[in-house]
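The following features are taken from Swiss-Prot:
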type	residues	note
REGION	4-184	region 'Large ATPase domain (RuvB-L)'
BINDING	I23, R24, G65, K68, T69, T70, E131, D132, Y133, R174, Y184, R221	ATP binding site
BINDING	T69	Mg(2+) binding site
REGION	185-255	region 'Small ATPAse domain (RuvB-S)'
REGION	258-336	region 'Head domain (RuvB-H)'
BINDING	R294, R313, R318	DNA binding site
Amino acid sequence: MIEADRLISAGTTLPEDGADRAIRPKLLEEYVGQPQVRSQMEIFIKAAKLRGDALDHLLIFGPPGLGKTTLANIVANEMGVNLRTTSGPVLEKAGDLAAMLTNLEPHDVLFIDEIHRLSPVVEEVLYPAMEDYQLDIMIGEGPAARSIKIDLPPFTLIGATTRAGSLTSPLRDRFGIVQRLEFYQVPDLQYIVSRSARFMGLEMSDDGALEVARRARGTPRIANRLLRRVRDFAEVKHDGTISADIAAQALDMLNVDAEGFDYMDRKLLLAVIDKFFGGPVGLDNLAAAIGEERETIEDVLEPYLIQQGFLQRTPRGRMATTRAWNHFGITPPEMP
């Protein structure tokens, strides 16, 4: 199954997701959830502004859809500087990165999404830029080649990744601030859904927002995507007002169940239960059983299932928990 086909995928960006930019928080005081990250960043930003320094380099990691790009925008807004945005796969050559770095103004923020996908050549250029605000460039070729150093203005690099373990140690060690974004709690998601509904001009009850939040897998991007589909249902099937009952009907129609699981989540859990007797099962076998790539299972499907206690990752493989068996109304086997 193609990941983009999943309504509750947080790892893909649909064209309509551009509308989310208008409802994204611009400042820390508008930022909902992630209380530890918010309080720490408030201190770090205030301290940097008091000293008149650029904010230290920041690494943000966590599952997709939790607001890494939003946080980068907030940092730039709070610091009162420009934000330059790119991604690891786009920076194919050292010259691509050099061009971006030399165009930065003092204290500007350079945001690199999917930073774990930087090529080794580009990453080498980044080391002196991060550490010494210098760019080492080779001029010429062969025996006549020489290296020149270009001074860069103090800047902040913000790197975002869903796979912090894939970063090389030299790159990871150069970030002075490291923040992990966690799945959102339902009350925070309910607030986000209500706020988005107001921006979209929708009439939505608190219970309606709660119903969407409960099924959003702890992820704001999914919450906003579900809200738009619920809006469509409410406008076509009813008078446009979104109550808890209308939201539940819409989400049931979309095959998003009360736990926020869709077809792929249920397929994975049922494969572990039915085909492998609850596990343990190795990742490669599980990927073959459900027709998915192992990276998709690791990065997209598993994190939420593990965090919610439906799947367990053990040294011997993946295992379905008692909660997973109960979710499908199947009696779990007795422990030996």
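Any Cβ shown, glycine's included, is placed from N, Cα and C.
Cβ environment of R318 (DNA binding site): V272, G279, P280, V281, G282, L283, L286, E302, L311, Q312 lie under 8 Å away, each six or more residues apart in the same chain. For the binding-site residues I23, Y133, Y184, the greatest number of Cβ atoms within 10 Å around a candidate Cβ is found at Y184. The number of other CB atoms found within 10 A of the CB of G65 (ATP binding site), across every protein chain shown, is 28. Calculated from their C-alpha atoms, the gap between R294 (DNA binding site) and G65 (ATP binding site) amounts to 20 Å. Nearest neighbour of R313 (DNA binding site) by Cα distance, taken over the binding-site residues I23, T69, E131, Y133, Y184: Y184.
The secondary structure of Y133 (ATP binding site), as reduced to three states from DSSP, is coil rather than helix or strand. Residue counts for the region 'Head domain (RuvB-H)' (258-336) under DSSP, helix first, then strand, then coil, are 41 helix, 9 strand, 29 coil.
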